[in-house]
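Trainee: The feature mRNA binding site is assigned by Swiss-Prot to Tyr19, Tyr42, Arg111, Thr112, Asp113, Trp114, Asp115, Arg122, Gln123, Tyr124, Gly125, Arg126, Gln132, Val133, with similarity to another entry given as support. The compositional bias 'Basic and acidic residues' annotation in Swiss-Prot covers 133-143. Per Swiss-Prot, the feature domain 'RRM' maps to 39-117; the stated evidence is sequence analysis. The feature region 'Disordered' is assigned by Swiss-Prot to 121-155.
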Amino acid sequence: MSIKLNALFSDSYVDVSQYRDQHFKGNRYEQEKLLKQSATLYVGNLSFYTTEEQVHELFAKCGDVKRIIIGLDKIKKTACGFCFVEYYTRADAENAMRFVNGTRLDDRIIRTDWDAGFKEGRQYGRGKSGGQVRDEYRQDYDPARGGYGKMVQKS
């Protein structure tokens, strides 16, 4: 079967990435199934200062947004550079994956990925210092993400 025809038989025209949530409650098959049906996106590389309104303005261009959950530092309860965007339909979420991934928001190139669906508690960063793990060890200075990485600041 040709590559073009494969798209006709797939669940989605937007591929699911290799990333899997290590804290997912269930087996890999269940997670894959949810990812292929989901209307929820993970959005990463946001500035700590990006507002929910800015996220909504961008993502609403692709369809009706059900809700936005801003990721929070689990200790400080301040934004920590990611969010979840829920759409009412898979088709609208696919549009966002196609057209928003890799674009600029608040002077940062953002990335989107499928999410199996938001569950309470997932809005908190999983890093040791409360934020995102990727911000723990960052060597470069990034004012939009709190300066240097948390572990570098402690050295």
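Quick reminder: no glycine exception, Cβ is built from N, Cα and C everywhere.
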Trainee: Per DSSP, what is the helix/strand/coil residue tally across the domain 'RRM' (39-117)?
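Mentor: The counts are 21 helix, 31 strand, 27 coil.
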Trainee: Out of Asp113, Asp115, which has the highest number of nearby Cβ atoms, where nearby means within 10 Å of its Cβ, if these are the binding-site residues?
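Mentor: It comes out as Asp115.
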Trainee: Helix, strand or coil: which one is Gln123 (mRNA binding site) in, per DSSP?
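Mentor: Going by the DSSP assignment, Gln123 (mRNA binding site) belongs to neither helix nor strand, so it counts as coil.
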Trainee: Taking only the residues in the domain 'RRM' (39-117), give me the average pLDDT of this model.
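Mentor: Mean pLDDT for the domain 'RRM' (39-117): 94.
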Trainee: Once the chains shown are all counted, how many other Cβ atoms turn up within 10 Å of the Cβ of Gln123 (mRNA binding site)?
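Mentor: Taking all protein chains shown, Gln123 (mRNA binding site) has 17 Cβ neighbours within 10 Å.
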Trainee: Going along the chain, which residues six or more apart from Arg111 (mRNA binding site) have their CB under 8 A from its CB?
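Mentor: The list for Arg111 (mRNA binding site) reads Val43, Gly44, Asn45, Asn101, Gly102, given in order along the sequence.
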